[in-house]
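Structure record follows, encoded as structure tokens.
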Amino acid sequence: MPIPVDTAQSISKKRKRKHGGNARKEEAAAPAATEAVIESPEKEEVTVEKKKAKKEKSKKQKVEHMSSDEEQKNTEESEQEASDNEEEKSDAEETPAANGEDLPSADTIRLPQQDGDPVKFTELGLSEKTMKGIEGMGFETMTEVQRRTIPPLLAGRDVLGAAKTGSGKTLSFLIPAIEMLSALRFKPRNGTGAIIVSPTRELALQIFGQVRELLAHHSQTYGIVIGGANRRAEAEKLMKGVNLLVATPGRLLDHLQNTQGFVFKNLRTLIIDEADRILEVGFEDEMRQIAKILPSENRQTMLFSATQTTKVEDLARISLRPGPLYINVDHRKEHSTVEGLEQGYVICEADKRFLLLFSFLKRNLKKKIIVFLSSCNSVKYYGELLNYIDLPVLDLHGKQKQQKRTNTFFEFCNAKQGTLICTDVAARGLDIPAVDWIIQFDPPDDPRDYIHRVGRTARGSNGKGRSLMFLQPSEVGFLKHLKEARVPVVEFDFPTQKIVNVQSQLEKLIGQNYYLNKSAKEGYRSYLQAYASHSLRSVFDVHKLDLVKVSKGFGFSTPPRIDIQLGSSLKDKPPQGRRNYGSQPGSKFKRKHNDD
């Protein structure tokens with residue numbers, strides 16, 4: 001429901017009601033002051049000096065009158081604020097009821113209207129408790145997406161926003177949602193007033209962390225429901241009352257359908273973050289059901305997406321009210337990636353890929369680096385291999401248990417240096433501080449995936465970072481697709497003499513170590529399956545791969561025998577986009593993230 005904004009007239013009426021007789025006395029006194037300034041023109045004999053003296057006197061009276069009014073107003077406002085605080089405190093002490101309680105109408109809420117785009121958070125007229133949370137997070141100045149989205153969201157508009165990753169959009173939707181909960185004085189017994197839907201567990205956890213910081217000084221409750229977590233514990237918390245809920249689509253739908261005592265009839269705000277990614281990973285049906293179950297009356301919806309697709313537009317139609325505000329902060333930019341990002345590629349034969357990666361990581365031990373691979377088994381193998389040869393790395397992929405993924409993610413976030421090897425599970429939305437390098441060891445599925453991968457570095461308004469993509473000679477056609485997507489890349493040159501040649505030692509190790517050999521075979525098999533499911537098959541043709549060279553990149557002297565078919569059936573199969581974990585592939589050759 002749109003939250004109306006105060007006009008000058010409504011503010012005046014409120015002031016009359018608030019101050020009662022005092023306000024009327026002030027209005028009655030105002031004409032007298034005006035009359036004192038304007039002298040009758042009929043008295044022509046009054047000298048110029050007298051007129052000047054009278055004007056000076058009247059001005060002085062007017063200033064004194066205004067200052068006394070301000071003092072009186074400030075006194076009354078402080079008294080009113082004190083009574084409001086006492087009332088809020090007594091409300092917070094009430095015990096929550098399990099069956100949920102209707103909220104009073106939101107029609108009385110008034111939020112400040114801004115003249116022009118504000119620059120600092122202090123200009124938004126936010127509540128003192130929210131401002132304390134923002135200051136505690138160390139923010140003062142807003143990013144462009146925050147300047148353009150927060151004011152209309154505070155005014156109750158539905159918003160469809162397009163912004164690059166790293167633009168600061170998380171605060172753009174959290175601040176209005178929290179202000180709404182605070183203004184309506186949500187309590188546990190009122191149930192859930194705001195829901196944030198996120199495509200991945202890691203992104204949901206990150207949003208939840210920012211929610212915790214922003215709500216540190218508020219009395220409203222908050223919680224998170226994600227796949228892989230304890231469902232019973234989540235249900236118990238929902239029944240007690242969670243005012244702001246962060247969720248992944250599958251688990252949210254589960255609770256909406258099956259958790260009795262989950263009160264969401266008072267929902268006022270629905271936020272869909274990374275909508276394109278939610279749909280890409282196979283949650284289209286879940287989102288349609290969620291939109292149908294949640295109450296739409298009096299609901300404000302915010303939908304954010306880095307890219308605009310037909311499916312995103314369809315989701316917007318069923319979830320947003322007619323006439324939403326569309327905000328695109330990227331259309332005026334020359335490039336699709338953030339400024340401050342130096343992007344390059346290196347052309348490298350398949351048998352030299354690991355040697356180059358190993359040499360690069362060895363030379364940059366003091367840097368913070370993320371390496372993207374195409375499958376879970378590849379991540380698992382290279383993580384085990386590098387740690388075994390004393391090059392410490394962390395690994396993150398969809399086959400890990402949720403607790404392991406969470407621990408790894410936060411360990412890397414808090415580290416000042418180190419390497420994280422991961423699948424695209426970490427490529428969307430996650431805000432990992434101070435990443436120096438993004439290494440795309442396995443090429444992305446398309447330019448959109450490239451943009452989201454490199455979005456992990458150079459984040460924020462003044463962020464700096466570098467990106468390096470490995471390409472085989474047969475894959476240089478991908479550069480044309482990047483150029484069409486307005487992605488500026490230049491070729492990086494790595495002198496051959498600086499590449500550490502450990503191929504013979506690697507092959508010997510893989511030949512002798514049973515567990516590494518088994519892991520290498522699984523990684524090799526998954527790499528080929530992922531390559532075969534590329535959507536850009538004109539560029540990434542699995543039949544053009546030199547399997548001898550590819551196998552050397554996994555530590556084999558000759559290609560191992562593996563159970564896989566890459567026959568002619570793929571030639572006739574229409575291109576299929578990559579699917580991520582959480583989806584249900586229906587074909588024999590599943591998805592590029594076959595084991596995500």
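Keep in mind that glycine also has a Cβ here, set from the backbone N, Cα and C atoms.
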Matching range for Swiss-Prot feature annotation, motif 'DEAD box', among 185-188, 273-276, 465-468: 273-276
Distal contacts, the motif 'Bipartite nuclear localization signal' (352-368) - CB-CB under 8 A, six or more residues away: 346, 382, 386, 391, 393, 415-419, 434-437, 439, 441, 468, 470, 472, 494, 498-503, 506, 553-555
DSSP residue counts for the motif 'Bipartite nuclear localization signal' (352-368), split into helix, strand and coil: 12 helix, 1 strand, 4 coil
Overall pLDDT of the domain 'Helicase ATP-binding' (150-326), taken as the mean: 90
